[in-house]
Amino acid sequence: MEGGIPRAVAEELDAADPLAEFRKRFVITDPELVYLDGNSLGRLPAATSDLLREVVEKGWGGGLVRSWQEWIDWGARLGDRLAAHVLGARPGEVVISDSTSVNLYKLAGAALDAARGRNTVLMDAEDFPTNRYVLQGLAEQRGLRLHRLPSDLDGGLDLGVLRSALDRDVALVVLSLVSYRSGALLDMAKVNELARAAGARVLWDLSHAAGAVPVDLAAAGAELAVGCTYKYLNGGPGSPAFLYVRSDLHAVLRQPVWGWYGQREQFQMGPDYDPVPGIERFLVSTPPLLSLAAIDPALALVEEAGVDRIRAKGLLLGRLADDLAAAWLTPLGFRSASPGTPEQRGSHVSLHHPDAWRICQTLAGDAKVVCDYRVPDRLRIGLSPLYTRFTDVWDALARLREVTAGRTYASRPAGLARVT
Ligand SMILES: Cc1ncc(COP(=O)(O)O)c(C=O)c1O
Ligand SMILES: Nc1c(O)cccc1C(=O)C[C@H](N)C(=O)O
């Protein structure tokens, strides 16, 4: 019961794909497994293991502490590459450090400290949990008002809702450019403009956007951003995050965690904290060097492919997923949980189904399709263009249809795993 779109269509799209060769640059141990969870953890680039072996054996094993001469500015060097090729920022505006949550805390804290007389923080009530918790903590600790903007779980934040909440008390707006749940993509320039007109700053979380959709922080008038490197940037589990602060704000903002990596003349070990003038003032401490190093070969792939080409393929993958879902899955009780066209989304798509959890678990078994589940009833399908083929999407949705239609999942007991 193929119906809808024949597999040959996906095969033709693969044959015409200018990025097809990039799949070979990743480690793929099980060719039958369809991996559609690169929006959570990207695949391992083939070059990463050798690079890490070199850093471990030559750098750590041979060079020992002397290697810090070379390692110490890797966060800034990689930040500059990310700025130039992925984020549309200028040299000296991006640095890699800490985790997304910690960077969010540092930049939100810095912005709130600088915004005297304004006592409201706006956030999307449906934003990724860590963002909500960090802001809740900051607001409680500082006696600020946290205004949670209602937003459409399957759509995204309505700019009309944001506009009407932007009064003269708002110090900071924190938003994800791409929603982790629905994939909804916001208009960054428009949001920045609305906030600027109201005298508020915007802090962007680019975790689900970086390396998947074109981002031009400078052109969009962005002031602050954070994001992770282990999703579409394929930096590996727990690879450190990035942070961006527009250069004119470096002198104005001081982050709340005063560590020695932000200090002028770090190795002079001076008595009092006196941060450097540049982006490194937003650093805190010793980076997890091996995880930082792993970003290098991963970023090289994104640089070579180019984010515009990655996005172009992402849109086609998204359209194929939409068409197949409409033909095969809607009749089986699936309902879209994402904006309707790929252009309105990042690179993942979500579907509601009352049995989503059990379907997701079953798919990952014999059907060999890894996507993820998000409470209460969503399957989230990540389409990471550097290694996802059109035939992968076709095969995955065909297996999804089979599992659901045959209700082969129904006999399995339900229950939540610790990690989904
Ligand atoms: C939008 C968003 N922000 C933040 C995070 C969390 O980042 P971390 O746990 O690396 O701090 C994630 C995913 O883990 C995310 O999807
Ligand atoms: N960061 C993760 C982790 O440490 C464990 C399991 C999953 C993740 C993820 O990245 C989830 C992802 N941010 C999400 O959008 O749900």
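Placement of Cβ uses the backbone N, Cα and C atoms for every residue, glycine included.
DSSP assigns W260 (pyridoxal 5'-phosphate binding site) to a helix. Marked as pyridoxal 5'-phosphate binding site by TrEMBL: T100, S101, D205, H208, Y230, W260, T286.
Look at TrEMBL and you will find K231 tagged as N6-(pyridoxal phosphate)lysine. The secondary structure of K231 (N6-(pyridoxal phosphate)lysine), as reduced to three states from DSSP, is coil rather than helix or strand.
Counting in whole angstrom, K231 (N6-(pyridoxal phosphate)lysine) lies 29 from W260 (pyridoxal 5'-phosphate binding site) by their C-alpha atoms. Residues T100, S101, D205, H208, Y230, W260, T286 are listed as the pyridoxal 5'-phosphate binders, and the farthest two of them sit 30 Å apart at their Cα atoms. H208 (pyridoxal 5'-phosphate binding site) carries neither a helix nor a strand DSSP state and counts as coil. Taking a Cβ distance under 6 Å to any atom of ligand 2 as the criterion, the binding-site residues T100, S101, D205, Y230, W260, T286 reduce to none. Among the recorded positions D205, Y230, K231, W260, T286, the ones whose Cβ sits under 6 Å from an atom of ligand 1 are, in sequence order, D205. The Cβ of W260 has fewer other Cβ atoms within 10 Å than any other of the binding-site residues Y230, W260.
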